[in-house]
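According to Swiss-Prot, the features are:
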- Lys9, Phe57, Arg85, Thr91, Arg102, Asn112: ATP binding site (BINDING)
- His115: active site, pros-phosphohistidine intermediate (ACT_SITE)
Amino acid sequence: MERTFAIIKPDAVERNIVGKVLEKIEAAGFRIVGMKKIQLSKKEAEGFYYVHSERPFFGDLCSFMSRSPVVVLALERENAIAKWREVMGATNPANADAGTIRKEFGLSIEENTVHGSDSPESAAFEIPYFFSQLELL
């Protein structure tokens, strides 16, 4: 079994669609092994998204991710990373396939409802950034 990391972003939490996103996650065969609702500080968002620190959108991304609560998740299933990327859809909701979370719920390239690890290395950094081993089932 493989694990991946997901965030239900502020835009989705603000619109009260967390339950709908969780339904899609479970329907895709994921087991939720860790979940909590948190309020990121700007500094925590900057630490999490450090790989984008030189990109022009970094400041806006960190402000967005710290503007209101998010739900962080550790997910498990076979081929979890690739499957979660498939279920999320393209980063830009306008380019996402029908039936994906971002196509159904995303508002823009920034307010695109969810984040997901893009590699085993990312998941290995992202899961312990938010969860201790004791919090994972």
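Each residue, glycine too, has its Cβ placed from N, Cα and C.
Annotated features, which come from Swiss-Prot, shown on the structure.
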residue	record	DSSP class
Lys9	ATP binding site	coil
Phe57	ATP binding site	coil
Arg85	ATP binding site	helix
Thr91	ATP binding site	coil
Arg102	ATP binding site	helix
Asn112	ATP binding site	coil
Checklist entry - Between Phe57 (ATP binding site) and the residue listed as 'active site, pros-phosphohistidine intermediate', how far is it from one CA atom to the other, in Å? => result 15
Item to check | Maximum Cα-Cα separation in Å among residues Lys9, Phe57, Arg85, Thr91, Arg102, Asn112, which the record lists as binding ATP | outcome: 21
Checklist entry - Which one of these recorded positions, Lys9, Arg85, Arg102, His115, has the sparsest Cβ neighbourhood, judged by other Cβ atoms within 10 angstroms? => result Arg85
Checklist entry - Here are the binding-site residues: Thr91, Asn112. Which has the lowest count of other Cβ atoms within 10 Å? => result Thr91
Checklist entry - Across all chains shown, how many C-beta atoms besides its own are within 10 angstroms of the C-beta of Phe57 (ATP binding site)? => result 12
Checklist outcome for this item: CA pair Lys9 (ATP binding site) / His115 (active site, pros-phosphohistidine intermediate), Å rounded to integer, equals 7
